[in-house]
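Structure first, commentary second.
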Amino acid sequence: MWTSWWLWPLVAVCAADQFRDLAVRIMQDTPVIDGHNDLPWQLLNLFNNQLQDPGANLSSLAHTHTNIPKLKAGFVGGQFWSAYVPCDTQNRDAVKRTLEQIDVIQRMCQAYPETFACVTSSTGIRQAFREGKVASLVGVEGGHSIDSSLGVLRALYHLGMRYMTLTHSCNTPWADNWLVDTGDDKAQSQGLSHFGQSVVKEMNRLGVMIDLAHVSVATMRAALKLSQAPVIFSHSSAYSLCPHRRNVPDDVLQLVKETGSLVMVNFYNDYVSCSAKANLSQVADHLDHIKKVAGAAAVGFGGDYDGVSRVPSGLEDVSKYPDLVAELLRRQWTEAEVRGALADNLLRVFEAVEQASNHAQVPGEEPIPLGQLEASCRTNYGYSAAPSLHLPPGSLLASLVPLLLLSLP
């Protein structure tokens, strides 16, 4: 017995290799669908969305968590690319900038057709898998991107948006964000306002996944109660393990379980360990916890790569997903549970959202009350009591008569 002590490290290495080999085999059949990647923001920040810039070559892009070789090494088969614009665009140029971020995602697919396939459905994801491409979908990160307009919501859907985060780190006029729970923002909607409920219903009608990352706990509960389809948290972790208000508390995880919804675990150190440093094992702890509380069907990956300043040791970039999967296998996750976390759980939710959609239903039309909007940079067409030039003949004159009478001496 004592003579074989020198074999122990070799046995440990072989066991580790065994789990990673199994992870690779699984991921060759079931590549990961990640819920949130901010590469489009980096393309704006570094290159002003100019993909022809030599430095923006996605095959050799440096200083980012994401490039094509890293995606291939990580067995990434599906990616929700974030069409993110900051909160300071709210009530200003949020819609314009969101359109530009959707455009750069679409141009990524056009520039690298051998790697990316822009798709808009669960069927499209499966087809991209078969072709060995990265199924590329648009997630709009923040309800401020629709400028409180159901019409803009519908337009973004037609441009390919398949999930929308109800808020970023700021309230919209119709939904409260996570900073309400820290006391840094004041609650405006107590979760969702009447118009916020209309947004959720219209997303259900269209077949857009409702994303509750970044929202307040009251907004989480309101949306989970109201939605007629499962929802997602595209990049959030477990509050019980790291009490950061961007994470999901256990009582909400119970609602996730009851509604067949999904939490895609974030890799940002501050949400994993509540400190500047974290490691791969701690990310696996979050996956374990969500599995324990909400069930294996409620777990996914939402790394938040290229949207955060620090990531865990062992998960330095998108190439490292197989190492995390190997850790789950070491923790005795079954192959079916691993395949669920990689892709099958997201596909199930997406298919349920598609099935719950009803394009034959009349679209939502009731606008948000003008008084709920910041009005300094907007017109009031449609809200105005001023006479319309498009009234029936005679109506304009009739509406002016009281004004003329008031002007008489």
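Keep in mind that glycine also has a Cβ here, set from the backbone N, Cα and C atoms.
The Zn(2+) 1 binding site annotation in Swiss-Prot covers HIS36, ASP38, GLU141, and the record cites sequence analysis as its basis. Residues or ranges marked as Zn(2+) 2 binding site by Swiss-Prot: GLU141, HIS214, HIS235. Summarising the annotation, Swiss-Prot assigns substrate binding site to HIS168, ARG246, ASP304. Feature annotation from Swiss-Prot assigns disulfide bond to CYS87-CYS170, CYS242-CYS274. What Swiss-Prot lists as N-linked glycosylation site is ASN57, ASN279. Per Swiss-Prot, GPI-anchor amidated serine is recorded for SER384, and the stated evidence type is experimental evidence. Positions annotated as signal peptide by Swiss-Prot: 1-16.
Projection of Swiss-Prot feature records onto the structure.
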| residue | record | Cβ neighbours (10 Å) |
| --- | --- | --- |
| HIS36 | Zn(2+) 1 binding site | 30 |
| ASP38 | Zn(2+) 1 binding site | 25 |
| ASN57 | N-linked glycosylation site | 15 |
| CYS87 | disulfide bond | 15 |
| GLU141 | Zn(2+) 1 binding site | 29 |
| CYS170 | disulfide bond | 18 |
| ARG246 | substrate binding site | 23 |
| CYS274 | disulfide bond | 13 |
| ASN279 | N-linked glycosylation site | 15 |
| SER384 | GPI-anchor amidated serine | 10 |
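A distance of 7 Å separates the Cα atom of ASP38 (Zn(2+) 1 binding site) from that of ASP304 (substrate binding site). Using the Cβ center of GLU141, HIS214, HIS235 for Zn(2+) 2, the list of other same-chain residues with Cβ within 8 Å runs, in sequence order, HIS36, SER82, TYR84, GLY142, THR165, HIS168, ASP211, ALA213, SER234, SER236, ASP304.
Closest to ASP304 (substrate binding site) in space, going by CA atoms and restricting to the recorded positions HIS36, CYS242, CYS274, ASN279, SER384, is HIS36.
Ranking the binding-site residues HIS168, HIS214, HIS235 by how many Cβ atoms sit within 10 Å of each one's Cβ puts HIS235 at the top. The substrate site is set by HIS168, ARG246, ASP304; from the centre of their CB atoms, other residues of the chain with a CB within 8 Å are GLU141, THR165, SER169, ALA213, HIS214, HIS235, SER236, ASN266, TYR268, GLY307. Cα separation, the residue listed as 'GPI-anchor amidated serine' to GLU141 (Zn(2+) 1 binding site), rounded: 31 Å. With HIS36 (Zn(2+) 1 binding site) as the anchor, the candidate recorded positions are ASN57, CYS87, CYS242, and the one with the nearest CA is CYS87. Within 8 Å of the centroid of the Cβ atoms of HIS36, ASP38, GLU141, where the record puts Zn(2+) 1, the same chain has further Cβ atoms from ASN37, TRP41, PHE80, TRP81, SER82, TYR84, GLY139, THR165, SER234, HIS235, ASP304, GLY307. Cα-Cα distances to CYS87 (disulfide bond) place HIS168 within 10 Å, out of the binding-site residues HIS168, HIS214, HIS235, ARG246. Long-range Cβ contacts of CYS242 (disulfide bond) within its own chain (separation 6+, distance under 8 Å): ASP270, TYR271, VAL272, SER273, CYS274, HIS286. Taking Cα separation as the measure, ASN57 (N-linked glycosylation site) is nearest to GLU141 of the binding-site residues GLU141, HIS168, HIS214. Secondary structure from DSSP puts HIS168 (substrate binding site) in a beta strand. All chains included, 25 other C-beta atoms sit within 10 angstroms of the C-beta of ASP304 (substrate binding site).
Of the recorded residues, GLU141 (Zn(2+) 1 binding site) and HIS168 (substrate binding site) place their C-alpha atoms 6 Å from one another.
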